[in-house]
Amino acid sequence: MIEFRNVSKVYPNGTKGLNNINLKIQKGEFVVMVGLSGAGKSTLLRSVNRLHEITEGEIMIEGESITAAKGKGLRRMRRDIGMIFQSFNLVKRSTVLKNVLAGRVGYHSTLRTTLGLFPKEDLELAFQSLKRVNILEKAYARADELSGGQQQRVSIARALAQEAKIILADEPVASLDPLTTKQVLDDLKKINEDFGITTIVNLHSIDLARQYATRIIGLHAGEIVFDGLVEEATDEKFAEIYGDVAQKSKLLEVAVK
C-alpha cells in the first residue's frame, strides 16, 4: 500500500504544488490521476519515489517511510518503483536490450553494470520483458531508430525487467497518436492485471481515464477534489475537477475510436 500522510509541497517561489494530501492506494490498483496542467498530478506522482521532495508530511510504502529513507534503504525502496516518462527517458544511442537491462542496475554493483556484466538470468528476464510488450524483434536496434510508441513500450519492458512492484507513469501517452496510445495503455493494464503491479498513471483525457482506471483521482490546485470508482466519475464531477464546463467538454472528446 502507498499512503500519503498530510503531504504538502511548496516550491522555492512560494507556489503550492500539493496541499495537505491524504491518500491510500492499495496494492494492485490501477489508478488514473486527472486534472489540468499545474494541478499537481506530476508533483504527486514523482513524490512517491522522491524525484520531487515534499516539504511537509510523509509517504509510506508497505508501512515503511520513503520520506525518511536514506542511502541503501532509499535505493532498495526505489528499486521496487518503475518510472515511465512522457519523454521515454531512454539512452538513444544504446540498443533496446541495453535500455531494458538498465532496469537491473539497482540489483548489482556500479562496476558490474558499468561494464555491462549482467548475469544470464538478467538477460533472460530482459528478453521476456520485451516479448511481453511485443517488441522482442527490436532487441538489438538502437532506441533512436524506434517510433515513439515503440520507445514507450521499451520503457514498460524496463520496468518489468526491474521487477517493479509499483509503476508510475507520468503522461505516458501525451505525445502518441490514438492507436499507439491504446497499445501502450493496453500493455500497462494487462501487466497490472497479470502481475498485480500497483499502477498510477497521469492522464489528461477523461475518456481514457474512464476506459482504463479502476479508480480515478482528480486534482485541482494541488488538492484532491475527487477520489472514487470509475462509475462515480460523472460529467459533473469532471466539471468540478477541470473548473469550467467548456474545458470539460473539450476533454470529453473521445481519444480512442
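Easy rule for this one: first residue shown is 1, then count along the chain.
Yeah, the Cβs are placed from backbone N, Cα and C, and that goes for glycine too.
According to Swiss-Prot, the feature ATP binding site maps to Gly35, Leu36, Ser37, Gly38, Ala39, Gly40, Lys41, Ser42. Look at Swiss-Prot and you will find 2-246 tagged as domain 'ABC transporter', backed by sequence analysis.
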| query | Across all protein chains in the structure, which of the binding-site residues Ser37, Ser42 has the highest Cβ count within 10 Å? | reply | Ser42
| field | Position of peak Cβ density within 10 Å, selected from the binding-site residues Gly35, Gly38, Gly40 | value | Gly35
| request: Compute the mean position of the Cβ atoms of Gly35, Leu36, Ser37, Gly38, Ala39, Gly40, Lys41, Ser42, which form the recorded ATP site, and then list in sequence order the other residues of that chain whose Cβ is within 8 Å of it. | output: Thr43, Leu219
| query | Tell me, by DSSP, whether Ala39 (ATP binding site) is helix, strand or coil? | reply | coil
| query | With every protein chain in view, how many other Cβ atoms are within 10 Å of the Cβ of Lys41 (ATP binding site)? | reply | 25
| query | Around Leu36 (ATP binding site), how many other CB atoms lie within 10 A of its CB? | reply | 17
| request: Restricting to the domain 'ABC transporter' (2-246), report the mean pLDDT as a whole number. | output: 92
| query | Tell me which residues of the chain lie with their Cβ under 8 angstroms from that of Ala39 (ATP binding site), as long as they are six or more apart in sequence? | reply | Leu219, His220, Ala221, Gly222
